[in-house]
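Below is one structure; the comments refer to it alone.
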């Protein structure tokens, strides 16, 4: 089948502009394929958004694509090369178990990568087997869709297939392949790779390509590389604020897991915070708390500093001048983050305007929440609904004092109560993909029962809907002496 007929049948409008880059950035390779694949999850709503034929793709025809048994006609899949600072240590990486099938261009001109994750070994696999297990792929499907509904920029999941093979991790698990949709997979680590192992022309080609793809408005600007750096810094500041505002902890914020588009990517050891504690860590390999909840803004800044270092030759031919430009740009992150963070927190507290003591008010609430081990999400839900059930925090003198200050501040707004509540409801999710709910969904799914997962996914489509039907998803996990721990799944 040629590309035209394939497009007519599936809705995929295919290109691969990444192949226009110098060949140090990729390696052409076909997926290994699956012997006995089965379509486990297909994202019908995402398929519709992309203008795809969901009926055809949710069939054996689509299954063969998602299982790596068929590739897009006329387009060679590629594994992308990149580097990464893993827990601060620089290393050569690349797609060790993923292949970019191509790019889908929607009718309104938006371009999306279509990538298979878990499709077999590549030249970048190092010691890995190139495969993925079912539970981590379903986990990414659930959480990425949850993040999307929360309004947080993220890669999406189009499909998950089981391969019919077993993969060895801590134990033997069902093999799987995830089809991931992303604005692109260009990472901070891609630029670090170009700066370390490429020529100046390679670096320039990558920057020009990325600007054209993600920031076309600056493509013809005289100082486009400086503006490029500033745009990426701004997007990351916005993204991290959105993470923090819902208690999302990425878990492995290496430079290879920060994409230039400003989307959330790679959901391996991520989790959502229940009890508010800035030191919260879930990842089994984050022994020192490098990527703890409260440290995520600092880690984003650290990653962006590495990005600016990679761009130095493009910022100015004179190294000293380039360093000064980079420092000035990087210094803006903290100001931007603070601005976006307090704006978001004002909205979570029903405040439309900015006042001098707002920061103290916000910090006062958070410190009280930490002291009394309040649930992050449910505390803001309680404030939104004006219903207080957590005796420990809400009966404390600190909270009562804070509550009076907050009510006084709301009076200064002089807004109708309905307006205030609507603002709070639109910024305080009623439900999130809580860790114990996700784990229950995965546990059942591994046994072949997808009922709970399907119900959870349906509920997560409307996280800001304060519906009685969703109340069961607001319940906290049972108290346990065993802390919740996440794993990369690789």
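Cβ coordinates come from backbone N, Cα and C, glycine included.
Keep in mind that what you see is a predicted model, and the values were worked out from it rather than measured.
Over in Swiss-Prot, the protein carries these features:
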{"type": "BINDING", "residues": "94, 96, 97, 117, 129, 130, 180, 187, 266", "note": "ATP binding site"}
{"type": "ACT_SITE", "residues": "256", "note": "active site, proton acceptor"}
{"type": "BINDING", "residues": "257, 266", "note": "Mg(2+) binding site"}
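Note on the binding-site residues 97, 180: the fewest other CB atoms within 10 A surround the CB of 97. Here residue 256 (active site, proton acceptor) is positioned 14 angstrom away from residue 97 (ATP binding site), judged by their C-alpha atoms. DSSP assigns residue 180 (ATP binding site) to a strand segment in the three-state reduction. Farthest C-alpha pair in the ATP-binding residues 94, 96, 97, 117, 129, 130, 180, 187, 266: 23 Å apart.
A C-beta separation below 8 Å, combined with a sequence spacing of at least six in one chain, links residue 94 (ATP binding site) to 27, 79, 80, 81, 82, 122, 123, 124. Listed in sequence order, 82, 83, 84, 85, 86, 93, 187, 188, 189 are the same-chain residues at least 6 apart in sequence whose CB falls under 8 Å from the CB of residue 256 (active site, proton acceptor). Spacing of residue 266 (ATP binding site) relative to residue 257 (Mg(2+) binding site) is 6 Å (Cα to Cα, whole number). Long-range C-beta contacts of residue 129 (ATP binding site), restricted to its own chain and to partners at least six residues apart, with a cutoff below 8 Å, comprise 97, 121, 167, 168.
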